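*Asks:* Quick paste of what TrEMBL says about this protein:
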- His226: active site, tele-hemiaminal-histidine intermediate (ACT_SITE)
- Gly62, Ser63, Gly64, His65, Lys113, Asp118: substrate binding site (BINDING)
- 11-341: domain 'DhaK' (DOMAIN)
- 381-583: domain 'DhaL' (DOMAIN)
Amino acid sequence: MAFQGKKLINNPDDVVTEFIEGLVETYPGLQYLDGFPQIKVVLRADVERGAYDKVAVISGGGSGHEPAHAGFVGPGMLTAAVSGDVFASPPVDSILAAIRAVTGPMGCLLIVKNYTGDRLNFGLAAEQAKSEGYKMEMVIVGDDCALPPPRGIAGRRGLAGTILVHKVAGAAADAGLSLADVAAEAKHASEVVGTMGVALSVCTLPGQVTSDRLGPKQMELGLGIHGEPGVAVVDLQPVDVVVEHVLKQILSQETQYLPITRGSNAVLLINGLGATPIMELMIAARKAVPELQLEYGIAVDRVYTGTLMTSLDMAGLSITIMKSDENILKRLDAPTKAPAWPVGSEGNRPPAKFPVPVPPSPSVKGDEILAQPQELSKQGCILEAAIEASATEIINLKDILNEWDGKVGDGDCGTTMYRGATAILEDMKKRYPMNDAAGTINEIGATIRRVMGGTSGILYDILFKAAYASLKQSTTVSANEWADALEASVAAVSKYGGASTGYRTMLDALIPASTVLRQRLKAGEDPVTAFMASSEAASAGAESTKQMQAKAGRSSYIAPDLLASIPDPGAMAAAAWYRAAALAVKNKLHGSKS
């Protein structure tokens, strides 16, 4: 029977901010940005904004994994950590605030656990930061060894092995290495680490009931860190049997997740999931070390045992193995004052709060309204017509998009797109600098970020942010510059979302459109004719998704026979607004004749 979990908390909505306040009171080397409740960022108190002379290393994710990630902020490890709500990825603006607060001329490395929300939010923040002039790199950690190699793009989950990657990257940055070299060391570390978790209980979210998924004599193998079900539920076993099973899975020669063979050297991490006594973790460590040495012929160079990356109050543990070499050991042994490594911090206590740095918008600041109606140039009139036509088309398609999405997804594609389209129509008259194409594209992205939400909102924000970064490099915006912007947008969405042609996403409309537009323009065709041809390619691409098996998004969990004859709603929406824009441009320049 499910029951209300007992927690020593106040308001469940305040647990993350109150945790951060307690953390900085405990460790004087830490501060937080004064942006509660939206912005929850812990940073080093000794880093002066804009003047830090080493690579900044930032990580983060949903809360509930304490002491990760804020507990690993300190000299020799993370420069800042960004927290979302419990088990929810932090918003883009929080990540940007952290980047702006600690990044100096050497640049910034983002270390991201492999979850779709984290990838997209951190990815969009990286693109925005690049457009503001920051040097950025991002490394994604997917160290889960419990699941078979994935067929789609979701990939392996990021687990406790991420902490070791933090330490390697932080020590490399502290040694004064360049951004490229720090990123290379972090990427290498992420490729030689594997983790698997085992749970005896299900975690309880603040203010919610405790699930009764596990019986009193059951345990769960291969779970993630968000309370999601594992690979299998089995009868409770002695810890020695559990350790043997977990090591066998991590070192499996079938999956070959780790490049470790007999004769290799390794680092071992025994991590508690939140409610596991240190006694039990040490019992597991005492079994794992000789098992690795005697059964697998692996020399264990270092052993770390403790509670580092949790799942709230879950009883259980995870085991992490990282292939070690001289450089990795040098980075792991380097000194750090990050409190959860665990090393206490020293020094005088600075103010706990630090103001959120917010740069001015390149076009219109915040909620500032354009002082007076613009007198639009010819290009401004064309852009206005295209935006209005695209948004209106999406509004008209709301119900059919929801209907399709109800059969292949979660049923809200039309509503989400409608929310973005209506906000764009409202904002375009008040705050879009229509005579400035790059600035307008940037403001559309800001509108979408504010109102759309979900994966679609992030993907479209990335789309427009990449287009803005491309367009702002040109003093005049011609057809070729628009083609460049579309190519950059498609590449960014593919990079951070992981999809490409044939994955049954909006890219199945936009990639053909981009390809045809470039081909027609290169052949010397009239830009309007080329735009119309590319819109036809977008429509054909969207229609072709009826025959595709999904490899991304929620549709990838649905049986292929249920997807047959139903197009991907996201692809159809993209094709619709793209074609509406093309028709509007044609009508403006060539009249209404078809």
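Cβ from N, Cα, C; glycine included.
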*Asks:* For the recorded positions His65, Lys113, His226, which one has its C-beta crowded by the most other C-beta atoms within 10 angstroms?
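*Replies:* In terms of Cβ crowding, the pick is Lys113.
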*Asks:* How many whole Å apart are the CA atoms of Gly62 (substrate binding site) and His226 (active site, tele-hemiaminal-histidine intermediate)?
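*Replies:* Cα to Cα, Gly62 (substrate binding site) and His226 (active site, tele-hemiaminal-histidine intermediate) are separated by 9 Å.
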*Asks:* Determine which residues of this chain, when Gly62, Ser63, Gly64, His65, Lys113, Asp118 are set aside, have a Cβ within 8 Å of the centroid of the substrate site's Cβ atoms, and list them as they appear in the sequence.
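*Replies:* Counting only non-site residues, the set is Gly60, Gly61, Ala68, His69, Ser83, Gly84, Phe87, Ala88, Ser89, Ile225, His226.
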*Asks:* Taking just the CA atoms, what is the gap between His65 (substrate binding site) and the residue listed as 'active site, tele-hemiaminal-histidine intermediate' in Å?
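*Replies:* Counting only the Cα atoms, the answer is 9 Å.
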*Asks:* So how far apart do the substrate binders Gly62, Ser63, Gly64, His65, Lys113, Asp118 get, largest Cα to Cα in Å?
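*Replies:* Greatest Cα separation within the listed binding residues comes to 15 Å.
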*Asks:* Between Ser63 (substrate binding site) and His226 (active site, tele-hemiaminal-histidine intermediate), what is the CA-CA distance rounded to a whole number of Å?
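*Replies:* On Cα coordinates alone, these residues lie 10 Å apart.
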*Asks:* What is the interatomic distance between the Cα atoms of His226 (active site, tele-hemiaminal-histidine intermediate) and Gly64 (substrate binding site), given in whole Å?
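*Replies:* Rounded to the nearest whole number, the Cα-Cα distance is 8 Å.
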*Asks:* Around Asp118 (substrate binding site), how many other CB atoms lie within 10 A of its CB?
*Replies:* 25
